[in-house]
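Colleague: Features from TrEMBL:
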| type | residues | note |
| --- | --- | --- |
| BINDING | 42, 44, 69, 91, 117, 147 | S-adenosyl-L-methionine binding site |
| DOMAIN | 49-240 | domain 'Ribosomal RNA adenine methylase transferase N-terminal' |
Ligand SMILES: C[S@@+](CC[C@H](N)C(=O)[O-])C[C@H]1O[C@@H](n2cnc3c(N)ncnc32)[C@H](O)[C@@H]1O
């Protein structure tokens, strides 16, 4: 990780606007910044849209803003025109550093550009500890924003949700909000309420830890080059009290089992939690949860899933080794056949939906129904 530029801050600098600069299109042309398919680069050149993304983050006055994947700086520019105190950008592709350097100089060093991979960046080391606020008070004056490739934004939000659940990494400093772009279909899943056709594991994992809001959508044609799908801008604010008070791994496992069969009765999904010969435990789990076994997983509220998590943990207290049980490796031949059908149907759905090349693996990973 290489720091290209660092800054000193003052209120006057904070209030300054950028001087006239070459347009993003000119920057791309001058530096020969063609979009790289390998890094799923799709640029937003329309400053009205990038301003709208920045506006949807809320009031940034006096904030430290961390932008992931600035590219040629389409979002960075309105960030520098806001009253944010400091903007730290993290970019994996070194070709963008010279153009970010121009912005750093034009902004009188309010911008710090870091050459690095967001997936392995220690965010807490970038934020002064003076920014810290108590978890149960207002969020700190820090914001994370980014228009990342779809292949990165979903694994990243899962990684960050884990950090939010343990109050680690950047979230050791308080309830830092995020504004991130996703493939529109993934954004719909993140915010999907019970009974929605989009309800899935990702909906529950996001909603038990954060207040989530789909701010607006951007048509694919607004990007250069245009992806085949539209994009949704999602705002996350970590909740003071998560709706499920169990370890992240437990919540993840319970969701994985429940949404394995999202449209069948819950009793069927609960039968995947335990070995075939332990039907007694399935009955226990339904009874302890108090959930109607004829509800279907996609109809469950986060509160219902909280009850399943608590019931599962009660059973694990008696037989902790059951946590290791993996229905996918232990499935009977009949179940394996069913599973084969399920994977086939997932592949059919994904194959028909014109996603980016590398969407397939992460959409499977987040439980597309
Ligand atoms: C979809 S482009 C968006 C660029 C710019 N923010 C915009 O809106 O026009 C994604 C950017 O993220 C960068 N990127 C991709 N993977 C990254 C990673 N793991 N860490 C940091 N940046 C990454 C790409 O190089 C690219 O500049």
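Quick reminder: no glycine exception, Cβ is built from N, Cα and C everywhere.
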Colleague: Between 91, 117, which of the binding-site residues has its C-beta surrounded by the fewest other C-beta atoms within 10 Å?
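Modeller: 117, out of the binding-site residues 91, 117, has the fewest neighbouring Cβ atoms within 10 Å.
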Colleague: Max Cα distance spanning 42, 44, 69, 91, 117, 147 (S-adenosyl-L-methionine binders), Å?
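Modeller: Between the outermost Cα atoms of 42, 44, 69, 91, 117, 147, the distance is 20 Å.
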Colleague: Which three-state DSSP class does residue 91 (S-adenosyl-L-methionine binding site) fall into?
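Modeller: Looking at the DSSP assignment, residue 91 (S-adenosyl-L-methionine binding site) belongs to a strand.
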Colleague: Sequence gap of 6 or more, Cβ distance under 8 Å: name the residues on the same chain that satisfy this around residue 69 (S-adenosyl-L-methionine binding site), in order along the sequence.
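Modeller: For residue 69 (S-adenosyl-L-methionine binding site), the qualifying residues are 90, 91, 92, 118, 146, 147, 148, 149, 152.
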Colleague: Average pLDDT across the domain 'Ribosomal RNA adenine methylase transferase N-terminal' (49-240)?
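Modeller: 96, rounded to a whole number.
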Colleague: Once near-sequence residues are set aside, which residues in the chain of residue 44 (S-adenosyl-L-methionine binding site), 6 or more away, have Cβ atoms under 8 Å from its Cβ?
Modeller: 50, 53, 74, 75, 147, 218, 222, 223, 224
Colleague: Specify the count of other C-beta atoms within 10 Å of the C-beta of residue 147 (S-adenosyl-L-methionine binding site).
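Modeller: If we count other Cβ atoms within 10 Å of residue 147 (S-adenosyl-L-methionine binding site), we arrive at 26.
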